[in-house]
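In what follows, a single structure is set out as structure tokens and then discussed.
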């Protein structure tokens, strides 16, 4: 077929959160058919997809049968909590997993990505080890030193992560990690706490021909491992960016699957330290909806669909601030939306989650300005005006 002819494709999305919702919207702009799957009804991406289905994605047989039911051209994981064995078997049968099943497996497990990056590729990370029994935790904590981080080997959005200040906090941190662990793995990763100067995300597009395209770096702040705000671009020494690009290229040359990757780094005393990697659009990258000519969701699609990706341009410096719920609500409503939208050059995205919980991310504010500090100030101001409540 002529390369200039684009036929309609069917995409099946595994996980239907807010990032998946934006991916569906961009997919529909290209005339694609989308099936959104998640473990609960009325998930954000389901609200804009052609079809949806609620299943237990951790059950290998259920997941395999559901994917075969829809016969998609591409299977696109958006979350970590799914059966990797199902994806491996489906890939062997000819289904296209984005970016590939091996990459999904490595990046969904903190032990596997650390072993690849630190042990195999010799890239700088925080000191770490794995613990599977609480009895071994105290000894290893003394070796790592306090403060330290304790995380489930598998979780998402920072869930179950604790900053541990002393031995007295280990029991609670262990319990929290176990309670928030996803999948069958119940171990934890114990990690040196790096008192970094700042952290950033390097969105990287991997094309089918192996070429990597880098977006400008995105600054961000997290709380307990969960994204709170981001700004784009981040002012940073070019030598640090060059080092981050070298690290990213080394990792992606090993993983070798097309799509968009969100690669997180720490910087401490002019040293770049690898933090985490996601083989999909990144929460900090939602800022690209207003900051770039091609946002991260469209970049992901173009990459795995093998569509052209011209030069990525910055439209205007921009910032985000998340909208959090302070308690649980069924069918939540949003107070202060009018006041928030009065803030100059500001947009509000409400994700449409059917239930709110304390600390749950329910929306995001996007703000643009030629002065990045003013963009950040406006995003913060608008987000403060919005309160999640119920009737």
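For all residues, glycine too, the Cβ spot is worked out from N, Cα and C.
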Fill in: Listed co-binder of N(1)-(5-phospho-beta-D-ribosyl)glycinamide (same site as 18, 19, 78, 353, 360, 361, source Swiss-Prot) among 169, 197, 283
283
Item to complete: Out of the binding-site residues 160, 193, 199, 276, give me the one sitting nearest to residue 353 (N(1)-(5-phospho-beta-D-ribosyl)glycinamide binding site) by CA distance.
Response: 160
Worksheet item: What three-state secondary structure does DSSP assign to residue 160 (ATP binding site)?
Response: coil
Worksheet item: residue 193 (ATP binding site) to residue 276 (Mg(2+) binding site): how many Å between their Cα atoms?
Response: 14
Item to complete: May I ask for the distance between residue 191 (ATP binding site) and residue 360 (N(1)-(5-phospho-beta-D-ribosyl)glycinamide binding site), taken between their Cα atoms and rounded to an integer number of Å?
Response: 25
Worksheet item: How would DSSP class residue 18 (N(1)-(5-phospho-beta-D-ribosyl)glycinamide binding site) in three states?
Response: helix
